[in-house]
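Q: I am attaching a structure below and will ask some questions about it afterwards.
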Amino acid sequence: MNLIKMSDIDLSGKRVLIREDLNVPIKDGMITSDQRLQAALPTIKSALDSGAAVIVLSHLGRPEEGKYEKKFSLEPVADYLRENLEYPVRFVKDYLTGVDVNPGELVVCENVRFNPGEKGNDEALAKKLASLCDVFVMDAFGTAHRAQASTYGVAQYAPVAVAGPLLIRELEALNQVLKAPKKPIVAIVGGAKVSSKLSLLKQLVGMVDVLIPGGGIANTFLKAQGFEIGISLYEPDLLDEARHILILAKEKGCQIPLPTDVVVGKTFSETCPAFNKSLSNVAADDMILDIGPETIRDYVDLIHEANTIIWNGPVGVFEFPQFAYGTRAIAIAIAESDAFSIAGGGDTLAAVDLYDLNQQISYISTGGGAFLECLEGKTLPAVAILQERAKHVKTN
């Protein structure tokens, strides 16, 4: 990768602006999952240890741009960093006209999405952000697919723009999957909609040996094959696309196993009774909410044969315990495998967290959309600008 790394630059005494992905779930002012914060801490600590004056930017949630909303404030994140770093930490709401920060001090800036022009990569905003620093560090893989003021624009105008350690690790892990994967390769792609992962599915059939669809995606494939799926979630306008993917997979030598048995309910509810049924017995008023025990065994066997595993999305409604067996079994099979495994996407990370398997997956990506776009073979805008800037950076 033609990138200048943060570790290549002497940061001592310099103002270092780090774009992190600190977009964590917060309920009643409390952080409910700190995965992304734990992933970002080493980069922030490394810059502070180097004697830099550090400023951190991030978004949180999806506020109306330009409007302050307390529930989307990064203040709880600043509190978390204060508790987990042995350095002074300040939280600053107004920072576009300048930030006073000393070497060995961290300033956490308020949600970048409160700034008008953030999503549209406004040039004036990008220049204001760039003026805050001597060195800009892009470390937020999770937002690298977005050309926004705090990810792309600032990298254009900062005196120096480099890649952070977390971003480098993410790209290297994906590179291992995309450039020189050990076969056989098994991909598990779950979630509600084929439409959101259509490009990914088409890309994967030409790349992997086995593609296991889950959730609403699997339902669309089943319906396309003529199976009764009752009132299950599926996309009627994508049945032809699903058939095309099945044909394409056959041409490419990619196996797409579909469920032979499922777990159904009558309503989408945590209290809804669950029933195991063979696919041929699904009734017109059934809702498929998980894979059945026979399918679980088949999928686990396929995972155990893999040397490379890609996981994006649950295979059932794992938020409801009675429909979580499939996702749990898949997660444990991946964790127990000796294969190189990479997992990404919000629901996937939530499942990994729920089953306490963080240490048993080879690499857990902090990205959702960026993870998918990398797997689709797309160039991430925020990485592209770093590569362009790298041509002109002098390391010292």
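Note that the numbers count up from 1, one per residue, in the order the chain is shown.
Just so it is clear, glycine is given a Cβ too, placed from its N, Cα and C backbone atoms.
Computed from a predicted structure; not experimentally measured.
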Q: Suppose a student reads Swiss-Prot and sees Glu319, Gly345, Gly346, Asp347, Thr348 listed for ATP. Which of Lys183, Lys197, Lys202, Lys223 should they find annotated at that same site?
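A: When Swiss-Prot describes the ATP site, the candidate it includes is Lys197.
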Q: Where Swiss-Prot shows Asp21, Leu22, Asn23, Arg36, His59, Leu60, Gly61, Arg62, Arg113 binding substrate, which of Arg15, Arg82, Arg90, Arg146 is named for the same site?
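A: That substrate site, as Swiss-Prot gives it, pairs Asp21, Leu22, Asn23, Arg36, His59, Leu60, Gly61, Arg62, Arg113 with Arg146.
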Q: For the binding-site residues Gly61, Gly345, Gly346, which one has the sparsest Cβ surroundings, going by other Cβ atoms within 10 Å?
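A: Candidates: the binding-site residues Gly61, Gly345, Gly346. Fewest Cβ atoms within 10 Å: Gly61.
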Q: In whole Å, how far does the CA atom of Arg113 (substrate binding site) lie from that of Gly346 (ATP binding site)?
A: 20
Q: Could you tell me the maximum Cα-Cα distance in Å between the residues recorded as binding substrate, namely Asp21, Leu22, Asn23, Arg36, His59, Leu60, Gly61, Arg62, Arg113, Arg146, rounded to a whole number?
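A: The span, Cα to Cα at its widest, is 18 Å.
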Q: Provide the three-state secondary structure of Glu319 (ATP binding site) computed with DSSP.
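A: Going by the DSSP assignment, Glu319 (ATP binding site) belongs to neither helix nor strand, so it counts as coil.
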Q: Which one of these binding-site residues, Asp21, Glu319, has the sparsest Cβ neighbourhood, judged by other Cβ atoms within 10 angstroms?
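A: Fewest other Cβ atoms within 10 Å, among the binding-site residues Asp21, Glu319, is found for Glu319.
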Q: Using the alpha carbons only, what distance in Å do you get between Asp21 (substrate binding site) and Lys197 (ATP binding site) once rounded?
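A: On Cα coordinates alone, these residues lie 22 Å apart.
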Q: Around Thr348 (ATP binding site), which residues of its chain at least 6 apart sit with Cβ under 8 Å of its Cβ?
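A: Non-local contacts for Thr348 (ATP binding site): Trp311, Asn312, Gly313, Pro314.
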